[in-house]
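Just below is one structure, and these are the notes that go with it.
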């Protein structure tokens, strides 16, 4: 069997490229990101946290006061600023992928879609949907499903799709790290591959 990469060699193979976690709200990006970052000796950044700290207000407040367009513009600027740095695991807002210009930045790194199934996503969001401005309304499940279906073709532009069920953040991060190895091996020139078979 193949010898697994250590965190050090995985980091070396990444060459400082940022890892962007995308996916719907409630998919676990903010929980998985720090664990993954620790595994591969990267730093972790959450775009929503950066926006809230810089604006000194919650995401829902920005939506309510200024509207989604203003928020997306702020989000785009934050993404651009963060991407000036390297060796980061970056958890992005669920709708960040909807702006085509953001993909120019995302594709500079490795884009990983955490795809939590609809039933589990809705169950997670039922307790805190008031913090999710796009889900406000009478029918959370219907609103969520419509948003998911509209974004799914965009999420499919990712380099890697991880189907999430009931795994812990550690388990999801481990899955990501394992699949990252395969992606990086596929991207290596054939002559540079050094996987050892036992």
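Quick reminder: no glycine exception, Cβ is built from N, Cα and C everywhere.
Here Swiss-Prot flags 26, 27, 28, 29, 30, 31, 132, 167 as ATP binding site, drawing on sequence analysis. For residue 30 (ATP binding site), applying a Cβ distance below 8 Å and a minimum sequence separation of six or more within one chain yields 46, 48, 49, 91.
DSSP classifies residue 30 (ATP binding site) as helix under the three-state reduction. Annotation source Swiss-Prot lists Mg(2+) binding site at 30, citing sequence analysis.
Of all the Cβ atoms in the protein chains shown, 20 others lie within 10 Å of the Cβ of residue 94 (substrate binding site). Residues annotated as substrate binding site in Swiss-Prot, with sequence analysis given as evidence: 48, 72, 94, 151.
For the binding-site residues 29, 72, 151, the largest tally of other C-beta atoms within 10 A is found at 29.
According to DSSP, residue 94 (substrate binding site) sits in a coil region rather than a helix or strand. Of all Cβ atoms in the shown protein chains, 25 besides its own fall within 10 Å of the Cβ of residue 27 (ATP binding site).
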